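For reference, the structure is listed below as structure tokens.
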């Protein structure tokens, strides 16, 4: 059996009386797009934050390529090759595309200019950014224009390109299409496919069922702080997935069992 | 891929202020005889060098979306420390200057720590520090002006000849400081991080920038620059004056804003601040040469500031 790229076992996170994660498991297999879905308060965000170093779980363990790891902060997770595209916090608006691509990882000029005078190698950063953008077929007029002059989809493209450029293990995307129109969403979904086809697995957090069914290889369903099901989109209908998400039906040994008859009927499953 | 040079010049935030400066120079040049002389330009730079240097530190802080109301008071205290230690405590002049620089940097450090560790708004922290520094200046000086300064403290007020014109070493130092910080902000990773921080601190943090350390560093460095402004002030006036610099905090903000830097952080250039300081200097000087009463100079400066912020706001709205 193949080893999951990123794995979590029994993650627990409590905030006072509130339990955000209640023994959550997680498995991301090589080369797949895994969608993480769940109702508000199901613990999606906490799970993702724990996996990307943005919060420390109280107990449980995280394994990267089968080896236990501990991320102190987001930077630590990034050093382990896990890149995250945050929903509203992806790019610095007034800085240009190349600068954003290399923010926090700037390249300096070789020799004395770089070592002593700390001079940035803007040309090389632009060239490498252009290369990365071209690989993902993101067409932009100029890499020196500030990110704020781009459309929402293009901005997301820059954020995705940056994540892909640095991710050696995993790309995590938090609601990448939430703020976008139909056409732009389509572009971002194409990007996700390209990332997967290059061999980097993608974790996609989304509320948008059609997008999830269009692009995910597998779906992780989170409910009440733990994983209640892992399904393949083709095997289940959207209504069924929603029912699992809301607790109307439960998965038991691969079969769905109706637990709340009224609720199941209300969404047309019975 | 590269935009053409003229287009890049127009798209920089300094283009507007620079055009305003050149127009003002043209206007005063055509309306007075003395304006377009080397001596007059040298005078303008001397008049703006103290506020200009303060405004370098102010630019750094405003780029991080902060503000510093205390810089004039910190400078005044630094000036008193330098002069009193050198004249009354008999410390070697060089050590006295170093002590003044350290004290000013220390004020910046405390501001930075209060802003980051206790998450107080920069406006409140520096408003408090304005009063603290002002009071300390008066307590330490005993309301007395310090005179008979050793030569090192007035060295920057000395002049050298460029052609027919006398230029002070202080003017030269000010220009060099502006160029240094333009380089640091424009061509180093540190500069990029300052802009990113001002854009959105959370984005910067998630990118792996140590935002708290960066903020404390910016305030401390700004404090150090205020120390240099203190030395410029002392060398220009030739005394340690506890009353000095009381409106310089607002004048430095004026220079930053006129230079096209956004008060919301993350947008602007330090060379714009030089242009902004020169705009104020040129208007004061030109109106004086034309015999306009000085109160009208203040009036016009006020209108210019409001115009500059309005332009900033409108251009931001357009890009949204």
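Each Cβ is built from the backbone N, Cα and C atoms, and glycine gets one as well.
Taking TrEMBL as the reference, the stretch among B:69-87, B:145-163 described by the feature transmembrane segment is residues B:69-87.
The transmembrane segment (B:9-29) is in contact with the transmembrane segment (B:255-283), judged by 3+ CB-CB distances under 8 Å for residue pairs 6 or more apart in sequence.
Beyond the ends of the transmembrane segment (B:255-283), by six or more residues, the same chain brings 12-14, 16-18, 20-21, 24-25, 28, 44-45, 47-48, 51-52, 55-56, 58-60, 62-67, 175, 178, 181-182, 185-186, 195-200, 297, 300-301, 304-305, 308-309, 312, 316 to within a C-beta distance below 8 angstroms of the stretch. Of the two recorded stretches, the transmembrane segment (B:123-141) lies close to the transmembrane segment (B:93-116), with three or more CB pairs under 8 Å once pairs fewer than 6 apart in sequence are set aside.
Taking Cβ pairs closer than 8 Å, the transmembrane segment (B:167-185) reaches residues 42, 45-46, 49, 52-53, 56, 59-60, 63, 155-161, 191, 194-195, 225, 228, 232, 235-236, 269-271, 273-274 in its own chain, all 6 or more past its ends.
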